[in-house]
Each structure stands twice: as C-alpha cells, then as structure tokens.
Amino acid sequence: MKFRFNWLIFVRLNISQQQAVEYISGPCLVLAGAGSGKTRVIINKIAYLIQVKGYQPKHVVAVTFTNKAAREMKERIAQTLGRKEARGLKISTFHTLGLDIIRKEYKQIGIKSNFSLFDDNDQFSLLKALTEQWFDGDKDLINQLRHTISNWKNDLVDATIAMARAQTKKEQLFAHCYQLYEQQQKACGILDFDDLILLPTLLLQSNEQVREKWQNRVRYLLVDEYQDTNTSQYELIKLLVGYKAKFTVVGDDDQSIYSWRGARPQNLVLLNQDFPSLNVIKLEQNYRSSGRILKAANILIENNPHIFTKTLHSELGYGEPLNVISANNEEDEAEKVVNDLIGHRFATNSRYGDYAILYRGNHQSRLFEKILMQNRIPYKISGGTSFFSRIEIKDLMAYLRLLINLDDDNAFIRVVNTPKREIGPATLQKLGQLAEQKSLSLFKAAFDVQLTELLPPKRFESLHQFVNWFSQLSDNAQHDPMPVVDQLLHGIDYQSWLYETSPSPAAAQMRMKNVEQLTSWLDSMLKGDDIDEPMTLEQAVMRFTLRDMLERNESDEEEDAVQLMTLHASKGLEFPYVYLVGMAEGLLPHQASIDEDNIEEERRLAYVGITRAQQVLTFSYSTERKQYGDVSYLEPSRFLLELPQDDLNWNSKKQQTSEQRLEQGKSRLAMIKAQLAKAKAEL
DNA sequence: GGATTCCCAATTTTT
DNA sequence: TTGGGAATCC
C-alpha cells in the first residue's frame, strides 16, 4: 500500500525534485529557478512527510506570503492527500500564522483578547491624527513615518530603542511619534500587520516555555518564497524550528523583487551561516519556457552577483527568436503591440487569455487599455482599487471592528456619525478631551459621568443613544454574531444612507451589492467549509483585514481576456505569449533605481518578466516619452543590450519580407471582416 | 444623473 | 503638463 502510494507521488518528479522531497533529516534549502516546479516539490514533500514518514498533519506547517499561494497549496494538498488526511495541516501566510500564535498567547504577550487589527489605511489615519501638530497632515511625511516605524518593527526595534538610537532631530521626532503610536496601540488594543510577526518573535525569544510549546507543535516547517523574508520573519522561522532545524525553505534569489519593502535576500547567506549542515538542492530544469527564452534569462541575470549560481535548462525545444518592437512614441508603441497581438492571435488561433502585457509601473497600463478598448479586445487588469478601499466596505468593517473591540477609537470615529446622528466635531472634540484626560477609549469616555457637564443635554442624548444601543449589540454579538450584523445594518438603515449619499441609484445599488458580498463572506466563514474550520467573528474580521477570505467568484477567472499587470504582480504566473513593454532606460530600469544605483533589482524584475513567457516573448519600447508636460527621449533599456543579440529580432516590422507582409495584410483583412460581422451581429 | 471644478500623482505594494 | 478621481453643484 505504502509502496503504491510512493510510486504515485513521485512519478512526476525529476531527480533533484525527488532529493528535495526526500531530504527531511535536517535544514534544507531548495533553490528553485523560475518554472522549476517548486510548488510541486512543496506539495509532494508535505505528502511524503505525512504518508511515508508518519508525521501527523498538525505537526506540519507551511508558510507563504500571499493568501492566494496558501489557498492554492491547501487546495492541491487536499487533492493529493484527500480532505480527511489533510485535516489539521497548517498552511497559511506568515501573517496568519503570527495571528494564530498571538490569539493563543495573548496573555503571555500582555494584550487583551479582543484586539483590533489595523490595515495600512487605519495606520495612516491614526498616525495622521497623532502627528497633527508637527506634520499638519502632510501625506509625504506621514508615509515616511509609517515606513520608518514599519522598518523598525521588522528589525525588532521597539520605540524605546529607536529613541535611544535616534541621532538627528528628525529621527528623534520620528522615534517620539513611534512612542506615541505604541501608547495608542496599547490603549486601544490595536495591532498592525508588522506586529503579527514582531509580537510572536519577541515572545518566543523571551519565553522558553512558550517557545518549546510551539517548537513541539511545528515539527516540520516549510517556507515558500524564502528570499522575500525580512529580519523578523527569519527570526521567527529560526525560533519555530529550534535546534532540531527540521525545515525546508524554497526560494530564488534571482526573483527577489521586494527589497524595497524590507525583504532581505541576504537571509539566504544567513541561512548558510546559521545552519552549517544546510543541504542546498538546486532545481535547474525549467518546465515552462522555450530554450531561447531561458537562454536570454540566464545571460541577463548573469550580470548580477550571485550567492549560489544556477543555470536553468529546458527540454522544450529552442523556440522562436525574441522580438523587439521599437516605436516613436508611447501611443505608437501600444498600437504596435496590440496589432502584433491581434495578428499573432489570428495566425495561431490562440485565446486572448494566452497573452500577457507586463510593465514596470501601473500608469503604463493606460495607453494599452485605450488601444485594446478601441480594438474591442477583452482585457483584464490586475490591481486597481481594491474591494476594501470602497467607502461602504470601510464603513461596515469599522462597524464590525467596533463590535469586537469597543475601544477601537478609529473605528468609533468612522462609525459614530455614519449615518448622521447629530454627533459632530464639537461633540467628538469634547469627548476626545475627556478620553485623553482620563486615559479612556472614546467609547468608555462616553459613559463617564463627567461628560454630562461637558456636553449640552441634546448632544449628550444623541451620543448616549448610540453607545447604549451599540454596547447592547456588541454584547449580543458574543453569542450569535450573524443576526446581530443584520440588526446592525437594519438599525442604521444603511441601505437608505447609501441611496442618500451615492452619486446615483446605480452606484448605491453597486455599493449595496458589495455590502452583501461582505456579509455573505462573513456568513460562510462563521459556518466554515470542508477545508476551513468555522471561525469566530473576531477571527473572520481579522481575516478580512488580512484580505484572506473564501473566494466565491470563480466566474471571472474563466474570462478569455488579455492580462495586463505589473512585473511585480506577474511573479509566480506564466503565459504562452508575453509582451514586456516599456523596455527603455528610465522606465526599466526605472530612473529612481538608476539614480540610487540599484540596477540589480531592476534586472531581477526584467528576469521575472522574461521567465513568465512559455513560447513567445516580445519586448517593446518607445524612444519618446511625454512626462510632466514635456517630451523626453529615451534609449532602449540596457537589459535589451545585455541579451544574446543572435536570438533577438529587432524591429520585426521592418525586417518583414514582402510575403510576410502580404500574409499579415490578409489576416488583418480577415480580422476586420470578422469584427465587422461581429459588430453587425451585436446590432 | 450629469456636468463642473478641484486636487493630486508621475515606481513597485505579498499582509 | 496631463489625466483621472473625488467632491460639489445643478
């Protein structure tokens, strides 16, 4: 029986993949080149640990960076092992793992159980309020401060240490703000994303008993995208695995493109130093791209210094040359690319969904969208305003957060006068004064006897009506939350409020639909499903903040549409036909990176883009660029010049033979006819 | 619902 | 300088 299963899992693994799966006696680093089947290795290793080596699922933990990756992995392992066998297995993001530890150990950490989780926007508005007197709402400064605090937290530096280390006036002020922020966090029971890693790390560092408990729980740890870990995440990994060091990390230093967010690819070196017995296994066979594409990628990335060298090879055939489309201006570039796409699609009878257009910055999508729209080509753009930045979702989230934690002042402020309850700035200011004076949260201060002296009877009455009603709701939410959420929405008559405040009835309807989406997610998360256990309201709301919910809209995944996205967003994906646009000095590499002499990460970005392509890769650039109103001239990207020129087909248009041109003309004619027919049909 | 005006960004944003 | 989004007005 065991033998049979063994055979089943390994049938599709190559030798290095198999080595990576079977090596479980000590620390293991899998250097997984692009498209080398790293997810397959992780899935198979988990199956191997459980099925062959007798690990209990609850003792195996796998961490990823994104919810999407975690979800996919859960799904695939459930398919491999069966839902029942996979039960108890912990596959989550770093942040969700941290959140789980905090929820179980909140007493040891010294925080209350019903803390609120702040996302970036909440953090921003809190910092804005705290720094009003110095920064006067200056967005730039507040964001600088936010990044500084985030970096401090990621480097395990608390406010006291930051203060002690501060040299310049500005550093001192920032450290002081950090102190204020910490105080506010404690007073209101607020955690931010960085705390989800920081707090467990500090706890495990300082508390031996808890550390042993978790080391006993996590008997085998797998980490995906290891090159993206920051200092505190690496520290957490070390604390969880302990001296036994039973772990596998999978990563690729050539695909490290998040150093600007605190990722430390140097953690690969540290791993080598911290675990001398580290077993390094390289996955160098690529199952994705043609030989030419891979050769180009290898040659490009060789210009970067390397800790571990690896060379990808492919058995998929040499493939077509790489094309370079040059254009006079950006509009011309978009047109040429879209024309090329249309022609290629007709020639090869491909789906729109087989094409991706990748670019450095979001703003570059605009022209491509315009041209695609003009040609009536369906496209899908990833990114854009997220669901959670919509007002109605923010409102509802604030209500839900306040329901869990009445001391969440940010949520209170958002909610207290939405919809209008005659509780204006003057009332809030008085309430705020009292709260500060007595070190109470706003909600608690609303019950303070002194408030009657401060507020005119009418205002006091409106405020009291609200807090009384809401604390009743909050009590009821402890037992059976879902009816309370319905009561809440009806109680505030949110639907009417939406119709009053929306620019149009259609917009109000849209907003109401979003609200329903959120409540239906909430409902299903409270109930649980065949993969996830039922959650409490607290858990569910925090998962929302972590953007981790059960996706129920599979419908739009099936759409046949050209994919537009940034190079960053493309990591981990693959497409038969890829256009890498804006290949010009100043765009890729970006000017800021040129100025900061940080070309290597830009090169990795180009490398990520190139290795997304399976069959055909086309670059494009324009020599002219409009910026801040005037025109500047651009050189083709240095990365194009670094590529093997023999495999590059510059300006494919000009080198076309007349026959090819005739062919293309014919297909374009056919296309126009088809479009005409389609337009007629639509009419 | 549509028109107008004002303000902001112009590099990437896993949680 | 430009263009888009939000806010504001009719």
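The backbone N, Cα and C atoms fix where each Cβ goes, and this holds for glycine too.
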Co-listed ATP-binding residue [TrEMBL; alongside A:Ala32, A:Gly33, A:Ala34, A:Gly35, A:Ser36, A:Gly37, A:Lys38, A:Thr39] among A:Arg288, A:Arg292, A:Arg345: A:Arg288
Cβ-centroid neighbours of ATP site A:Ala32, A:Gly33, A:Ala34, A:Gly35, A:Ser36, A:Gly37, A:Lys38, A:Thr39, A:Arg288, 8 Å, sequence order: A:Asp252, A:Leu283, A:Asn286, A:Tyr287
Of A:Ala32, A:Ala34 (the binding-site residues), the residue whose Cβ has the fewest other Cβ atoms within 10 Å: A:Ala34
Three-state secondary structure, A:Arg288 (ATP binding site) (per DSSP): coil
Among A:Ala32, A:Gly33, A:Ala34, A:Gly35, A:Ser36, A:Gly37, A:Lys38, A:Thr39, A:Arg288, the record's ATP binders - longest CA distance, Å: 13
Three-class DSSP secondary structure - A:Lys38 (ATP binding site): helix
For A:Ser36 (ATP binding site), nearby residues of its own chain (Cβ under 8 Å, 6 or more apart in sequence): A:Leu283, A:Glu284, A:Gln285, A:Asn286, A:Tyr287, A:Leu312
